[in-house]
Amino acid sequence: MSRRDVAPGANAQEMSDVNQNLSYSFRLGISSDVEPVASGSGIPQIKCYLNGLNVPRVMRCLTMIVKGVGVILAVSGGLAVGKEGPMIHIGSVIAAGLSQGRLRFLKYSLGCLKIFRNDQEKRDFVSAGAAAGVAAAFGAPVGGLLFALEEGASFVYQRLTWTILFASMVSMFTLALFKSLTRTHVFKFTPGGLVSFGTIESLNDYNAYEILMFLLMGLIGGLSGALFVKANSVLTRYRQKNITTKYNKIIEAILVSSLTTTLCFSIMWAVRDCSPLAYTSSSFPLKMMCADNEFNSISSLLFSTPECSLRTLLHDPPMTYSISVLSIFVLVYYFLACITYGLSVPAGLFIPSLLIGAGWGRIIGHLMHTIDPVHFSDPGKFALIGAAAQLGGIVRTTLSLTVILMEATGNVIVGLPLLMTLTVAKYMGDCLSEGIYDEHIGLNSMALLPWTPHSLSITKRAYDLMSNPVVFLYPIMRVSELVERVTNNLHHGFPVVVGSTDSSRFSYGTLVGMISSEHLALLLQKRAFLSKDGNIVYSLTYKDYDNAYPSYPKLGDVLANLSCDDMDAYLDLRPYMCEAPYSVPETMTMTRVYHLFRLLGLRHLPVVDSQNQVRGIITRKDLRRFKFEFVSGEYRVEELIFSRKM
């Protein structure tokens, strides 16, 4: 849809807008085809990455470029999407690249950043980058900090906290600097991000009885959000089953864009609700089929940028939009946002959710103004609370959203109503479904570990969770034997043991170390073998590890390229294995095992007996194997059935 004023009878311009949208949609589908991981908001992938999961290609430079180009095309094409979620992903990719300090395609490297080339430091940088994306989007540095801690970072410590806050502050300052270059007064900084709500004066005072109304709106937001998640989940399952080819995904993006354009133009022609120009705060009100001193209210909501529409819902006078116009807008945008999120296009959900909530919140404000115009003179107050309730009901975060909306409106006094509304919306929604991001994480079979395990997990022990049999290695092995062991067991890590083993009794020798598949692949690729007389032919150096990180060779590819002479050689793992790996006794409770995985970002954990004999190994999938349900007044523990392979 075009983002400009349209005069009455401009049919040629309207057809041009339709063609432009289809062109944008086609280019958008092609861009997502280049890098499929760039689709969506990117927040589920960032959550999983910070949780300790390895998400392929999520931190690549190409992913960032496709994400940036794609979100520009999506917003310009008029889809019901926002750019805030993709900005969080883009900020994370920039931070991840900065931690590496090198450009591989230019063969350029900054030696001073070598100390950050490890998984822990890179994860901390990504947390800071995600917070910087929030700060730039909403002008909310503290909100960005809380978002990174609430949604992403698994382990919080003092240095990480101030690092994230500093990155958020710098991000907002940089945005203010570039914004000042487009104005008359250069280097005159003004607060606010790319999305600015403006100050809502009516929020400076509110009555105690209004809090009860805000809580009721929280219930509505939770119910509406849960319905949105359920509907989008059903649609996503259908897409995963039936829309699998690249061609079909491009066609789907074009069809949804065409439906969006057709629906909005049809509503514009069918609903001709004109209001005086004096009522709107928009700089470019749309006058479609209205007199010179009037504007078309439904067209202004549907054809303006989402940010502009949100500001008008928050700030315009009570009689600007009729209840019928607001109802049509909420239903249409709810439907469009639901079918758009999950397309193979870069798309955020923050602004669409806020728009939907602001729409039905303003309906409530309009009704209250009709009942009592004196005490309820400004529906913008209810529009903001409705926006918060809807967003909280969909994404299920409370603390960070409260602070983000406080900073975006520049109003501290509204903090308590927002927090109470978001809390009610979250718990109401949790009774019916998961949040939208957790739902998509589950649909993509990612083993994300929430902050805390279920309280009944204390009844399970490590021996209930561990997988068998264990693929183990010896400190010195013949390459052919090693290849035979790991060929069909391409796990992330392998225990290194000594002593006798008895697989029938689930005893695999004494644990002396652990080696990751990445390091094992690098050893085999570099042919770091022993000669026939026991001497080391080649020894890996720190430079070898540094040059390979983070794109280590794939173990399967390396195994396929080994020669017959390589198979006869021996490999000494002792100089390269971790000699003090994390391990747990087989009697440790599931709760403690869970916290080890969650806080340390582990991918595997050997289980040992009292003699340090390996009995099994626990992976993230094992921690998600038990499902706790409350049925008929009692809790039930169900073990999910799936392959026991790691």
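A Cβ is built for glycine as well, from the same backbone N, Cα and C atoms used for every other residue.
Marked as transmembrane segment by TrEMBL: 61-81, 125-148, 160-178, 209-229, 250-271, 319-336, 343-363, 383-405. For 577-639, the entry in TrEMBL reads domain 'CBS'.
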Stretch with greatest number of CB pairs under 8 Å, the transmembrane segment (209-229) reference, 61-81, 160-178, 343-363 candidates: 343-363
Residues from the same chain, set at least six apart from the ends of the transmembrane segment (160-178), whose C-beta lies under 8 A from its own: 91, 95, 124, 127-129, 131-136, 139, 141-142, 144-145, 148-149, 153, 187, 189-191, 193-194
Beyond the flanks of the transmembrane segment (343-363) by 6 or more, those residues with Cβ under 8 Å of it: 28-29, 32-33, 36, 38-42, 66-67, 70-71, 73-74, 79-87, 137, 195, 217, 220-221, 224-225, 249-250, 252-253, 256, 301, 306-307, 309-310, 313-314, 321, 323, 326-327, 329-330, 333-334, 337, 379-380, 382-391, 394-395, 436
